[in-house]
Amino acid sequence: MPRKIEEIKDFLLTARRKDAKSVKIKKNKDNVKFKVRCSRYLYTLVITDKEKAEKLKQSLPPGLAVKEPK
């Protein structure tokens, strides 16, 4: 089931959770979507600023599998 996250801080807390499995990064021309898969929900954060998206990509936890479909 999907859930939307509005704040970057909340997304990072969710990504650091023990049940977080992977992160998918989907890029469009307008925005970047970060989707983190946890045991119950798929949490989505939408960012329209490309620079913020790059910073967030670098601040993801190192143990998490990051998938970037082309």
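Note that Cβ sites are derived from N, Cα and C of the backbone, with glycine treated the same way.
Record features, source Swiss-Prot:
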- Lys4: SUMO2 cross-link (CROSSLNK)
- Lys9: SUMO2 cross-link (CROSSLNK)
- Lys9: N6-acetyllysine (MOD_RES)
- Lys67: N6-acetyllysine (MOD_RES)
All-chain count of other Cβ atoms within 10 Å of Lys4 (SUMO2 cross-link): 8
In the chain carrying Lys67 (N6-acetyllysine), residues 6 or more apart in sequence that have Cβ under 8 angstroms from it: Ser22, Val23, Lys24, Ile25
DSSP state at Lys67 (N6-acetyllysine), helix/strand/coil: strand
